[in-house]
Amino acid sequence: MRAGRRVAISAGSLAVLLGALDTYVVVTIMRDIMNSVGIPINQLHRITWIVTMYLLGYIAAMPLLGRASDRFGRKLMLQVSLAGFIIGSVVTALAGHFGDFHMLIAGRTIQGVASGALLPITLALGADLWSQRNRAGVLGGIGAAQELGSVLGPLYGIFIVWLLHDWRDVFWINVPLTAIAMVMIHFSLPSHDRSTEPERVDLVGGLLLALALGLAVIGLYNPNPDGKHVLPDYGAPLLVGALVAAVAFFGWERFARTRLIDPAGVHFRPFLSALGASVAAGAALMVTLVDVELFGQGVLQMDQAQAAGMLLWFLIALPIGAVTGGWIATRAGDRAVAFAGLLIAAYGYWLISHWPVDLLADRHNILGLFTVPAMHTDLVVAGLGLGLVIGPLSSATLRVVPSAQHGIASAAVVVARMTGMLIGVAALSAWGLYRFNQILAGLSAAIPPNASLLERAAAIGARYQQAFALMYGEIFTITAIVCVFGAVLGLLISGRKEHADEPEVQEQPTLAPQVEPL
């Protein structure tokens, strides 16, 4: 019945929203988490693992489990994924009670694997339950739930902590909400919903992709940054291994009979260009979500709530840019908006890269007529720029992929963005820590040798602030360059007149006999 499929897709969208929220929710509560698991403030780089391992699990699981649902059924895979999400949430919350950092990482990884399956399965479910001519709005709504999570996640985390006074409750709340989604799915979907001709799962391709990303992340992480080496001793061999795995992945996808994405009808130049631009946008997004708050705490000496409040300007501008970008793209085309949006974002990050230690007093003079706060203005510019490209990149990707593969193509855009987040935050964190120790060593040498103990302590504190400011300045400069590179790729995405080659196929029957397409 129509009511049943609406309940099912609502439950799937709720699950997608929860997974997206938990991708970003930790960004604004990192200080509380650090205190609970015993990470000192001078080891900020360790806490990034709660983000990177979630993203790694998410990216590794998405293509494999999405395809697995074709073989084993949407209902079964959704229920298994939701159960895994509950387990991961419980482990993460308990890690806070026990103060166990490794348990925390394990919980976040389980969460990532589970939530990575939710988006492609729910997209496929929408394609099953709605006929082709009516499914665009349904798939768009599911995608909107994913995007909404990226906007609300940081605010959701700080709100729950403000309301309940404990960061663990962010994860405990997942248990009843996910259980509700499981009950809705149980009663709204038939038990036997496997495809009559199930597709084979590209297990080799998925494992090669996960291996490449995992080796890259571990190779980039230096647990003991000393300002002399960017990478740990084992870093270079692991990065070489990641490169080999990546080459093997692309080689496999080129010649294998079963692939993550069927190349038939796909226009690969604009498709890969859109994914590349999504990687750049994802890297910039995650660097902002992580490093702006750390700048507030490490340089401006803000508390957690104040530092999270800095992000509010960026997070408000992001959806405004997304809505505006979608509206403009229908008139000017996706290519122009993607190019302009990433250039605007690059300009915003160039402004952010010049943030001084006394940022709160810094202002921009606008044509000599009036002044505006530099911090707020720069974050709004970056947020608007990144927001502008969300719709055009997704639209351009889907336009050059046959409609039968729109679900996996939508997931590919998310995978590309999260790959950018994962590799971007790992690589820039490694570079930042390397440069921080170099900068700090140079600044410390400027302390007069005859300074008193109090003067020396004050000078050291000021030097740490200055070193943090310079380090983040370099990180955001690189982020601006990444956005410029993404803008160039934006020029190569599909125009409005370029479309995929649609194969001649008949409309497939719906998932269950009792469901009638509109």
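The chain as shown is numbered from 1 upward.
Cβ from N, Cα, C; glycine included.
If you check Swiss-Prot, you'll see Ala336 and Lys497 are listed on the same side of the membrane. Non-local contacts of Arg417 (site 'Forms salt bridge with Gln-157, probably closes bottom of cavity') by the CB criterion (under 8 A, 6+ apart in sequence, same chain) comprise Ser278, Val279, Ala281, Gly282, Leu285. Distant neighbours of the transmembrane segment (76-96): 12, 15, 18-19, 22, 33, 36-37, 65, 68-69, 103-104, 106-115, 117-118, 121-122, 125, 167-169, 171-172, 174-175, 178-179, 181-182, 185-186, 189; these residues of the same chain sit at least 6 beyond its ends, with a Cβ under 8 Å from one of its Cβ atoms. Counting C-beta pairs under 8 angstroms (sequence separation of 6 or more), the transmembrane segment (230-250) reaches the transmembrane segment (201-221) with 3 or more such pairs. Cβ neighbour counts within 10 Å, taken over all protein chains shown, single out Asp22 as the most crowded of the recorded sites Asp22, Glu147. Note: the topological domain 'Cytoplasmic' (67-75) comprises 8 helix, 0 strand, 1 coil (DSSP; helix = H, G, I, strand = E, B).
A gap of 12 Å separates the Cα atoms of Asp22 (site 'Protonation/deprotonation site') and Glu147 (site 'Forms salt bridge with Arg-426, probably closes bottom of cavity'). Outside the topological domain 'Periplasmic' (291-307) by six or more residues, the chain places 27-32, 41, 44, 158, 162, 314, 352, 355, 357, 359-360, 379, 428, 432, 464-465, 468-469, 472, 475-476 with a CB less than 8 A from a CB of the stretch. Sequence-distant neighbours of the transmembrane segment (170-190) (same chain, 6+ residues past either end, Cβ-Cβ under 8 Å): 4-5, 7-8, 10-12, 14-15, 18, 22, 25, 29, 74-75, 78-79, 82-83, 85-86, 89-90, 92-93, 107, 125, 156-157, 160-161, 511-512, 514.
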